[in-house]
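Here's what TrEMBL has on this protein:
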DOMAIN    21-158  domain 'CMP/dCMP-type deaminase'
BINDING   C73, C112, C115  Zn(2+) binding site
ACT_SITE  E75  active site, proton donor
Amino acid sequence: MKEIKIESKLYEYESLNELPDEVKSLMMDAFEARDKAYAPYSNFFVGAAILLDNGEIITGNNQENAAFPSGLCAERTAIYYAGSKYPNAKILKLAISAASQNQKTTSPIPPCGACRQAIAEYEVKQKTPIEIYFMGVQGKVLKSNSIATLLPFIFDKSSL
Ligand code: THU
């Protein structure tokens, strides 16, 4: 038996203002999307903004439903819209911002497991990594250079 160690490297920015201009602007698109989320059940508002290699920006937010499992996270709303509208475009960057109504969200909120799996699908499909930036409403921003950092041991089509 031998031990297998998996290491993940993330990058931390002190605030929105420390981000490169293009990413800051993408994050502000995520803020705008977040404010339009439909989250009457959780009161947890999430926005996502995607920059494609054709220059287009696609945004999405969480859409909830009285039948709870029928709702969808912001990241998947955005990524599936991007995939449906521009099936041949590559996703370069994904910015995510989350806000709770119960507390000031000042620490980075990572994408849920199901969204990580969805992001992984597109990274495998396009064969290039997706930069992922995530934060609350203010405070630190975390950056991952690829979904592999957030989802080591991914399950993908190579196993099928
Ligand atoms: N949510 C997202 O939109 N993205 C995530 O990665 C985590 C959770 C949404 C789903 C639900 O509408 C609310 O946040 C509370 O879980």
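Keep in mind that glycine also has a Cβ here, set from the backbone N, Cα and C atoms.
The Cβ centroid of C73, C112, C115 marks the Zn(2+) site; residues of that chain outside this set whose Cβ lies within 8 Å of it are A74, E75, R76, P111, G113, A114, R116, A118, given in sequence order.
Rounded to a whole number, the distance between the Cα atoms of C115 (Zn(2+) binding site) and E75 (active site, proton donor) is 6 Å. C115 (Zn(2+) binding site) carries a helical DSSP state (H, G or I).
Comparing the binding-site residues C73, C112, C115 on other C-beta atoms within 10 angstroms of each C-beta gives the minimum for C112. DSSP gives C73 (Zn(2+) binding site) a coil state; it is part of no helix or strand. Neighbour count (other Cβ atoms within 10 Å of the Cβ, all protein chains): 27 for E75 (active site, proton donor). Looking just at the domain 'CMP/dCMP-type deaminase' (21-158), the mean pLDDT is 97.
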